[in-house]
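The block underneath contains the structure these notes are about, expressed in structure tokens.
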């Protein structure tokens, strides 16, 4: 009996434990239900609050999708999203710099020849290009949203294209060339999306030109010739894009490609030399044409040279064809201008004055000393930045002070100096053709010699254009002033000062003590301050002790170097070319307007 009693007792005890556990779970469940109820009440309260906000301001907490809005709000929100996604601080600063220049043009428009008459079609062109760019981006964004797995996200147009559409207008206003303006404005439509069919871009350009050519009846070309221009420009740009890219790496940005294409198109189409008797520009254009024809005709032989293991036979054939075509085209193009063989003319031209012979000897001596010195093993201890900027200093002092602190040489003979700069640029273009093509052992030797002077920009693509742009960056401002005035003015030296001194000092100062950077850029505020202050100081010294024609408005010079310093600090393109051209543009526009 005792065991049975024990069992009952145990059973009773076990039953008591089970009841106790059930009570615990029931109580826990009640607490959980209470918490859930409170959370649901909070959610309902938040939802009611949200509904109240939407009833008073429906756009406040709505899904921020522009497609849910009606026109024009949907377009406004698309533009806002586009700006938020693509605008950076340095891009905003660049916009403000260009806005300042445009403001000068607008408020002083009566002082610029034909600007008032041309403003409507300039504005219409910019509006059309902007709507085209935004419309393509808008369409791509909508398609991507509908089919994100099939359609790639939209890609914003390259910001630097802004310079490709503004610089031709600036230069046309300064030089007063209607042909240069109306034709180049039509070609702005080629900056539209690369995936857009070229025929549509060409049709847009031709239609625009047809609409406004009547306003320039004295200088406009027939519509059939404009069709030829459009085809030629498309061919030039396609070739440059092909040469510019190798294995997915590119040297020139989209804006630079458009600008270089426009420059070559105007040179080949003679638009730049229609209204000028300036001999160096005519010779430079013909030499570029000769280099182009020589490259095109020798390309099949160069292709065979690469295909058949770089054989000596094909190398000789390529060299003969290139040299022969270059000589023939040069002679054919320049003979009507020079009235004799180009080589005979050049020898006679150099020997016309003892001063020219002396300058040739000085420049040759400087090169014979500086090139071996910079290529020697001793130069390897120098930082890359110092080695690169040394050439800027050499160019500055060799041109301006080849005859000591006497400006009469360059002032009395600007044509010879401009010809020397442009001719040297053609020589360097020929050297770059050999280097980039890696033609024979000479191309490899040139490449190895130049490698220690190349920075990240030079190595990011197949072309190394910094040293060519350096010479052109000095020559173009000099040529703009000579074209406009026929003399040497303080504005002639903008390229020498901005590249030879300011850019070099800014780079060195920025590298040594550039602690405060432009947001989004590797360049520093200290470098910008050094650029502006050094430029003003050098300009003042040259005005006091070197310039024959003195500065008449120092406010214009101050603004030019302030704007130039900011531009150098925030612009991401190759400043060897764009910086001096832009500063020359600003100074000329300021001198005309004020």
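Positions of Cβ are set from backbone N, Cα and C atoms, glycine also.
The region 'Disordered' feature in TrEMBL is assigned to 1-21, 46-67. Taken from TrEMBL, the feature compositional bias 'Basic residues' covers 1-10. Annotation source TrEMBL lists transmembrane segment at 119-141, 161-183, 195-213, 219-236, 257-278, 284-305, 312-329, 357-378, 390-410, 416-434, 465-483, 495-516.
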Interface-richest range of 119-141, 284-305, 357-378, 390-410, 416-434 toward the transmembrane segment (465-483), CB pairs under 8 Å:
416-434
The transmembrane segment (495-516) and the transmembrane segment (119-141) contact flag, 3+ Cβ pairs under 8 angstroms:
no
I need to check the long-range neighbours of the transmembrane segment (357-378): which residues 6 or more away from its ends have a CB within less than 8 Å of a CB in the stretch?
350-351, 387, 390-391, 394, 398, 402-403, 409, 416, 420, 449, 453
Do the transmembrane segment (161-183) and the transmembrane segment (312-329) come close, with at least three CB pairs under 8 A (pairs 6 or more apart in sequence)?
no
Can you tell me which recorded stretch out of 195-213, 284-305, 312-329, 390-410, 416-434 has the most Cβ pairs within less than 8 Å of the transmembrane segment (119-141)?
195-213
Is the number of Cβ-Cβ pairs under 8 Å between the transmembrane segment (284-305) and the transmembrane segment (416-434) three or more, considering only pairs separated by 6 or more positions?
yes
Against which stretches of its own chain does the transmembrane segment (390-410) lie, if we need a Cβ under 8 Å and a gap of at least six residues from its ends?
355, 358-359, 362-363, 366, 370, 374, 382, 417, 421, 453, 467, 470-471, 474, 488, 493, 496-497, 499-501, 503-504, 545-548
